[in-house]
Every structure is written in C-alpha cells, then in structure tokens.
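Asker: What follows is a structure written as structure tokens; I'll ask about it next.
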Amino acid sequence: MGKVIGISSYLTLQNLQIPFCLKLHWHNSSIYVVFYGIAMFCLVALVRASITDPGRLPENPKIPHGEREFWELCNKCNLMRPKRSHHCSRCGHCVRRMDHHCPWINNCVGEDNHWLFLQLCFYTELLTCYALMFSFCHYYYFLPLKKRNLDLFVVRHELAIMRLAAFMGITMLVGITGLFYTQLIGIITDTTSIEKMSNCCEEISRPRKPWQQTFSEVFGTRWKILWFIPFRRRQPLRVPYHFANHV
C-alpha cells in the first residue's frame, strides 16, 4: 500500500497539479498543503498500524477473579484468552477482538490498532479522490492544448501518464471503498470480519450498542474530532479483557 500511495502521490503532484494550476493562475501552495497534509496523515496511520501491537495476549495472562467466566481456552496455543479473541495462524498469537490479518500492513488488525487501520482506509480514499479529481481536471485542460503553449507541461507523454494515474486511482478507489464500507458496517453492528465469516453473529447479545459507543470504544475517545488524528495514544474506554457483548 505504501508503494501505491507513493506512486499515486508522485503522479498527482508532478503531472496533474502543476499544469492545471498554471492554467487557472492559482497560487497552488494551498493545494500542496492540503495534499501533503492528507498524505502525511495517511503515511503516519500506515506506519503506526503496521508497528502497533494489535492486542496480542501474553503467555501467562493475569485473569481477574471476577472475569474468569469471560475467558476461554485456545485450542491452538493452549492459552487462556478473552472471548471474541482469535488465534492468528500467521502471527502465531491470540489477538484481542481480532478483525483480520492484513497483508497490506503485515500485521493483525485487532483491538489496539483497529482505529489506525480505519484512519488508513479513510485517508487513502481521500488521497485517491484527490488524484482522480486532478486527473479529470487535467484531461479537460489537455484537450484544447495548442502547440504554442506546450511549455506549460513539465514532462512529455503526460496524457499517457495521466491515464495511468486515473486507472490506478479508480482501481484503488473501488477496492478501498469496499474495504472501508465493510469496516464501518462491522463497527456499527459491533461484529468483526472473522465473526461474520464464521457465522457466529448470533452469539453476540442483543440489543446492539449505539454506533457512537462502538466507535468511541474502537477509537478510544468520545471526542469525534480525535477519531481523525493518528498522532496520539489510544486509551481504552473499557477494561482490556472484558467485553460487554459476550455470550
């Protein structure tokens, strides 16, 4: 995902923004600030989601006496774990409220880094929409181009590069939109991807929590503005090993 973001960023900045801004006589510093701001948030979310512990359980967890009924034995690693945890065969660990193992970040998506993965999806989608917007604007500008103003273009064969950027952008947008949508639905319904695939949603108690509460628990704060900030530490709103919606 990092390579895709990097290539898309280069194509957008070098081949889409400059000609479009020159034609409209814009002071394009604000466009660069917005683009680099989104890209910075996206890269920070990518790096942090990749290196953050998703919620791996220790080998000898200390189980509070009043919560033993909420724990179960993993039949793969023979360790006690909270309900709704899952054993990742790739990582070899049990992860609290594991959603899935993501090859894009080479890490599990669990309770402690799910919020960063959501931010990564969100800012990647914004970055892709940004590139597509300038691709279409550049295409509109390219059609009436005359030979006398060819010097406005910074490289040759920009139409082919623009088409490549548009193709990459559309492909990325379709994929990331589907992924982001399924993640949002999972949080709203308080179900993980693993629970959906294993058809165990009926085991989760009803009624479901309000969506504001589930989002607050995932992001670790009730302040909605902080849901978009990757430069912070997540503080869990609930006891780490206790899940209110267990069986």
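Using the three backbone atoms N, Cα and C, a Cβ is placed for every residue, glycine included.
TrEMBL labels come from automatic prediction, so no person has curated them.
Grabbed the feature section from TrEMBL, which reads as follows:
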TRANSMEM  31-51  transmembrane segment
DOMAIN    71-198  domain 'Palmitoyltransferase DHHC'
TRANSMEM  122-143  transmembrane segment
TRANSMEM  164-188  transmembrane segment
Asker: Counting by DSSP, what is the helix, strand and coil composition of the domain 'Palmitoyltransferase DHHC' (71-198)?
Answerer: 71 helix, 18 strand, 39 coil
Asker: To what whole number does the mean pLDDT across the domain 'Palmitoyltransferase DHHC' (71-198) round?
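Answerer: Averaged over the domain 'Palmitoyltransferase DHHC' (71-198), the predicted model reaches a pLDDT of 84.
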